[in-house]
Amino acid sequence: MKIDLTNLITESRNTASQHIDTLSTIDMLKVINDEDKKVALAVEKTLPEISQVVDAITEAFKKGGRLIYTGAGTSGRLGILDASECPPTYGSKPEQVVGLIAGGHTAILRAVENAEDNRELGEGDLKGLNFNEKDVLVGIAASGRTPYVLGAMAYAKSVNATVACISCNPNSPMTAAADISITPVVGAEVVTGSSRMKAGTAQKLVLNMLTTGAMIRSGKVFGNLMVDVEATNAKLVERQKKIVIEATDCSREEAESALAACNGHCKTAIVMVLAQLSAEEAKQLLDNNKGFIRAAIAAGK
């Protein structure tokens, strides 16, 4: 199979780094750093599309749907990284945000030969998750042409799910297939074709926004505090106390007492302190208001 990389921005040569092998270490790093500065600006231009995807994910969550990432190589690993951080940060279920990578778990640590070129594998991995119309698929590939991702996107479209993509090449097969295309154009890489660099950084910034935005919209952040964090280790036990103190301006003793009364459920402890309620009353208000602290407190007045 012949692949034409001629017109891909991510495969073009960067004039700023053409002689990078002759530079001193500090000058080499300055070139890399100067190129990295362009990434956030490229992502900024895609904020309207990112916003659309955040809203689509939020609606999917409300209906019991999931966010599924699919990618190969660096793109797949970044999706898995973002998905894996949601449960410890937001107390979400592991199956709510899932990352798929061409070649499966083996490919997380080392490349799996030809896996990314298999469209059927992309479709099969989605079928293995019982992917359906309630879910949202985000295909990730710097090139915008990875067959594994395109196969997954085609299947997602066939079941009438919302399909988005993150690519660093405009007018790609993925952007044509997606309902919503996020395309931060970061330009040529410092090392030609090494899309784990600027393209990968752009993808990570977008992924951060997608899950953070959807979790905020789902009531898992109060102010800027991660109020659904679960105390799964000593550090997080202390973080819970700190969150309750900062959210309510109460004493450490009050925070500890409230958390103990509600079995370490941070949101309940906050509502208890702010609304002066028992653990049972606070939990009921939260349940009645879909976990949103502000709405729960307002309803309790």
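For all residues, glycine too, the Cβ spot is worked out from N, Cα and C.
If you look up Swiss-Prot, you'll see Glu85 marked as active site, proton donor, on the strength of sequence analysis. Under DSSP, Glu85 (active site, proton donor) is assigned to a helix (H, G or I) in the three-state scheme.
The active site feature in Swiss-Prot is assigned to Glu116; the stated evidence is sequence analysis. Contacts of Glu116 (active site) defined by a Cβ separation under 8 A and a same-chain sequence distance of 6+ are given as Ala72, Gly73, Ala102, Gly103, Thr146, Pro147, Tyr148, Val149, in order along the sequence.
Confidence for the domain 'SIS' (57-220), expressed as mean pLDDT, is 95. Marked as domain 'SIS' by Swiss-Prot: 57-220.
For Glu85 (active site, proton donor), the count of additional Cβ atoms within 10 Å of its Cβ stands at 15 [all protein chains shown].
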